[in-house]
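Look at TrEMBL and you will find 1-15 tagged as signal peptide. Positions annotated as transmembrane segment by TrEMBL: 139-157, 196-219, 244-264, 285-308, 314-334, 430-451, 471-494, 515-532, 558-584, 596-617, 643-663.
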Amino acid sequence: MSLSLLFAFRKYILLQRMPCCSDDDEGIDIFTHQPSRSAFTSLNDSAMGEDIREMKSPEVLSETPAVVSMDENPESLKSKKLGMYFVESDNRRSPFAGGYTTLGTTPVNIHGKPITDLSKTGGWLAAFFIFGNEMAERMAYFGLSVNMVAFMFYVMHRPFTSSANAVNNFLGISQASSVLGGFLADAYLGRYWTIAIFTTIYLVGLTGITLCATLNVLVPNQDECNQLSLLLGNCEPAKPWQMFYLYTVLYVTGFGAAGIRPCVSSFGADQFDERSRDYNTNLDRFFNLFYLSVTMGAIVAFTAVVYIQMELGWGFAFGALAVAMAISNIVFFVGTPLYRHRMPGGSPLTRVAQVLVAAFRKRNASFDSSEYVGLYELQGKRSAVKGSGKIAHTDDFRCLDKAALRLKEDGTNMSPWYLCTVTQVEEVKILLKLIPIPTCSIMLSVILTEYLTLSVQQAYTLNTHMGRLKLPVTCMPVFPGLSIFLLLSLYYVIFVPLSRRITGHPRGASQLQRVGLGLAISIVSVGWAGVFERYRRNYAIREGYEGSFLSPMPGLSAYWLLIQYCLIGLAEVFSVVGLLEFLYEEAPDAMKSIGSAYAAVAGGLGCFIATILNSIINSLTGNEEKRQTSWLSQNINTGRFDYFYWLLTALSIINFCVFLYAARRYKYRVTDTVETKDLPQR
């Protein structure tokens, strides 16, 4: 008892030498687990009969949660609430030894050295080099998306359905495999070198596609292959080795796009100082301008590239994409001296595996056990994760907290496969909490993918004249891009002031509100598509065009499609821009690229699901023996695209309800809200 009183008296003397917190001081609310700029927890022995009060100390940095020293009596901690106290120690025998002093907010140069004068790097000047790179890359990507279906059908003599599925698979693989690029960037290469490597692979793939469209030996014989022969399937089919070559260079291109996609937006956002007062405003404007550059690339692909193809042929069209990609590479490398970099944090998959293994090993440990010492964390401003600041503890997924649970029996066993830090555990929690939101964006990707093929088939049956100007059918997807361009141009002039009055949000709407608004607009878009398709099909049958599904009907304008195009463009800009910003801000410091890859993976899954859905609909609604036409028949006038669109509408409504549930449950990460609060008696 005397030793206990002596210990308590020593703590009491130390506290008397420290300034006490006033009501206005900044501390930490350890029940909401908000991070603190400075915190010190005073522990009085239970024999003193006094409340536990959190004290403020200027010596401890913001990233350090409330802590208790290793020399504290473990018995006095056995009844503490989980996450209330962290045990700090330097005694870690692991690959990261005593931790890293470089925080996630510290920018470095290309050599990994801290940048002393930030005024000479980053900012909007560096961002504009990244915008130029992204614009050219998206031009190449969308140029392939809109032209490859027609190239396979008209040049390689593949059926329209299989051509569309092949392109859908290309789009899906190039997006779903983006997690590989995000992993390499976060783990080993950094975002700059990941972009540099994969953008070169991208250029190699585009060069191979250009050769395929240029050299006669790589395509089947085109003699005596007119439109009627194409419809009847009488044209010479491509040889297996020719298709193998085309698929190889196509997927090499997709692999290059996969490495770039999760890194470019995150690398651009890295150019802004998050300690700046205007950081949130700059970040919001960056993602809007970033998507504007994506849209401009798409507009060029849907107009200029299509025009080149019609006037000069396929070789020049794909060659223009390769030239654009080469220019993109040059622009990106020219900006190298201006870029700010973030240190790669090591393999995020390894850290995730360590948390899961450590939590499983301690699955039977009880938080109320007398063997409980505390939750493990490194001292001071050091972090166990390279390139990352500390992350405050939260009460979500409490089973994972056992990975950081320090027990008396641990002794000197500090292996990260048995004991992880709180920051490492919280990284895994964040990745898990983020999953539902991008998952709900998959349905939007399904609709966009279907529009790329189905709406083009619709346009072939319609009058595309605008006065004396006749627009090519493959130019029709330019209109969603134009609507996006118009919206982003007027975003801060019209949308933000109006929505600010409704929501009270300083930027008009939160990230999740923008995602939800986009999903709601996509429902209206696909619903209207079903209504118009029903009218178009009935008109074709009534006017005698039932068997002429590639003949335009002079009396029905293709510009009725603009309604669904413009609506899906609005849906895309709200959902995708909001999602990119949401994932970047919410993802852990050392996993920003993987966070951005979530959006790309969702887009890729949407492409795959669109292909699977098409196959299911064809098998369920079509029957050759009974001469029953599929909803997605190549002859759109005998098919039932309207039923298919309404099916997508129903699925979109269900998806929207799931999103509302997930968004209401999600809690944004809190980074600067601080308050002081008394702790209950032990």
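Just so you know, glycine gets a Cβ as well, placed from its N, Cα and C.
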Return yes if the transmembrane segment (139-157) and the transmembrane segment (244-264) have at least 3 CB pairs under 8 Å (sequence gap of 6 or more), otherwise no.
yes
Report, as numbers and ranges, every residue of the chain located at least six residues beyond the transmembrane segment (596-617) whose Cβ falls under 8 Å of a Cβ in that stretch; write 'none' if there are none.
161, 164-165, 168-169, 171-179, 181-183, 258, 261-263, 265-266, 434-435, 438-439, 441-446, 448-450, 576, 579-580, 583-584, 587, 630-632, 644, 647
Near the transmembrane segment (515-532), which same-chain residues lie under 8 Å Cβ to Cβ, leaving out any that are not at least 6 residues past its ends?
437, 440-441, 443-444, 447, 451, 455, 509, 560-561, 563-564, 567-568, 570-576, 578-579, 582, 642-646, 648-649, 652-653, 655-656, 659-660, 663
Using a Cβ distance cut-off of under 8 Å, indicate which of 196-219, 285-308, 643-663 has the most pairs with the transmembrane segment (314-334).
196-219
Any contact between the transmembrane segment (471-494) and the transmembrane segment (285-308), i.e. 3 or more CB pairs below 8 Å with pairs at least 6 residues apart?
yes
Could you check whether the transmembrane segment (558-584) and the transmembrane segment (643-663) come into contact, where contact means at least 3 Cβ pairs under 8 Å with the two residues of each pair 6 or more apart in sequence?
no
Cβ-Cβ under 8 Å with the transmembrane segment (244-264): same-chain residues at least 6 beyond its ends:
130, 133-134, 137, 140-141, 144, 148, 152, 156, 166, 170-171, 173-182, 184-185, 191, 194-195, 197-206, 208-209, 211-212, 218, 238, 290, 593-594, 596-597, 600
